[in-house]
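**Q** The structure under discussion is supplied below as structure tokens; questions concerning it will follow.
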Amino acid sequence: LIAGEKLKLLFQFIKYETEQNDSTSGKENNFLGKKEGAQKPQEGRSEVAAETPQPAGFGQEKQIGDHEKTLKANKEDKPQKLLEMNGNTAVPHSYDYDLIVIGGGSGGLAAAKEAAKYEKKVMVLDFVTPTPLGNSWGLGGTCVNVGCIPKKLMHQAALLGQALQDSRKFGWQFTEEVKHNWMTMTESVQNYIGSLNWGYRVALREKKVTYENAYGEFVGPHTVKATNKRGVEKLYTAERFLIATGERPRYLGIPGDKEYCISSDDLFSLPYCPGKTLVVGASYVALECAGFLVGLGLDVTVMVRSILLRGFDQDMANKIGEYMEEHGIKFIREFVPIKVEQIEEGTPGRLKVIAKSTNGNEIIEGEYNTVLIAIGRDSCTRNIGLDKVGVQINEKTGKIPVNDEEQTNVPYIYAVGDILQDKLELTPVAIQAGRLLVQRLYGGATTKCDYVNVPTTVFTPLEYGACGYSEEAAVEKFGEENIEVYHSHFWPLEWTVPSRDNNKCYAKIICNIQDNERVIGFHVLGPNAGEVTQGFAAAIKCGMTKEQLDSTIGIHPVCAEIFTTLSVTKRSGENTLQAGC
């Protein structure tokens, strides 16, 4: 149909709708297919029309005015008036922004800065709801403020303590007692984080991205309400939205948990040394925090409900647990806290933890200075108005299902990061997904984020790097008869002189026999595991086979060279302990 015929039909439709609205005064307007059972409106038009309480017309594929203007043009029989603006062209709908990003973490910031490269008008809304103890932080999200960055720095502090002990065997002499000062460490870490927060704000300003420290919440199609810490509310509209709100620590839901316990959101800026600490949980967050706390000289106990590092290779997880126990961490297995009581106030104070067996009715009690809860994290999706715009979430987990282009079921709303259903919860993944999404939206690119063979590292005292399938997942996927596992223990040269932890490090690869022994799983326990894994991850992306790995000449003497000489298979049952260099 030509534009004039389309307009004629449109005005007939509007006239009908107006009569219907007049006859159903006070009822919700269901224009353009909003009635139950009505035909689905054309994509794009429904998004615009739904923004106004009255009908909007379209001509030449663009919005042409609102209800009142359309009716006036219809009565005057001059519909072309609505097109005779700016050189006889239809005026597109005007939004405040091209893209509004809700969440100023790694993924959200990466997407916002990428969109700015395409000269798009971008806004970032970021607001940190304080923890039950009142802690909050600046721009940058979990990783920068209460995750990867402070965790790795405090892990390094613990490694330096071990290095001091090792140094005596290498000839270093010092007589004074070596002690650790918690406040010096946390102040230094927080100063660095503060510099990152400032750097993010400067980067947004330089790229002309509008930043507001305000809580973003959908209130209608293409519209969000931003509420700042003073309670001042503003409404903004955008053509597209990106949800990148991340997750926050989950609490136990028992008496005393929020009143007296802390989470990883509190630990890294804790204004006093935590003292004797109970870590509740067996997640990587729990084990990493327990690891650096004991490395700083504290008394640490980990209470575990079931298994360590659920979702990771259990062979590696159990080896990590054994190493941690050998280095002073106590484990209480198959117990969960049911109540936390305060015995004495202080910094730290004294707490009594009452716990119950998961296999019976046994009750135990223990006293600690600090209780750190690290049992998992919940997606920040339930209180941002997604129901008002129809975005579907997994009701059990709060996760958002998306297609392979990070698009939700609402076409103009996208999501990246830890809130995605069935996707990896890793900072670099969120960054990659955010950048690629923007490049597709505004740059004409077609590359999608690849969530397969993503490397990661758990920074426990004995670091664990992994890429690809766990052994359990590989057996389930391909069958035990179709995989070959090559493995070996090893002893880092740096640990030989101090004579510690002989053959505690471990290397393992999982190969698909039916695919030319292609490496489908890579696992390493040892120093600098992340640095080792990153390089091999690139090779796995390229389809590395066992034969190619064997033909690679190793660098001597380094830990990573063990992967070029793996010859013992698990099914053979042969000895994997390393002797000599």
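Each position is counted from 1, following the chain as shown.
Cβ coordinates come from backbone N, Cα and C, glycine included.
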**Q** If you look at what TrEMBL says, which of Cys148, Cys261 makes a disulfide link with Cys143?
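**A** Here TrEMBL pairs Cys143 in a disulfide with Cys148.
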**Q** Tell me the Cβ neighbour count for His556 (active site, proton acceptor), meaning other Cβ atoms within 10 Å of its Cβ, over all protein chains shown.
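**A** There are 9 of them.
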**Q** So which one is it: of the recorded positions Cys148, Val285, Leu287, which has the fewest other Cβ atoms within 10 Å?
**A** Cys148
**Q** Can you list the residues of the same chain, besides Gly281, Ala282, Ser283, Tyr284, Val285, Ala286, Leu287, Glu288, Gly376, whose Cβ falls within 8 Å of the NAD(+) site's Cβ centroid?
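**A** Near the NAD(+) site, the remaining chain residues are Val279, Cys289, Leu309, Ala374, Ile375.
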**Q** Compare the Cα of Gly376 (NAD(+) binding site) against each of the recorded positions Gly216, Asp418, His556 and report the nearest.
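**A** If we rank Gly216, Asp418, His556 by Cα distance to Gly376 (NAD(+) binding site), first place goes to Asp418.
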**Q** State, in Å as a whole number, the widest CA to CA span among the FAD-binding residues Lys152, Gly216, Asp418 given in the record.
**A** 30
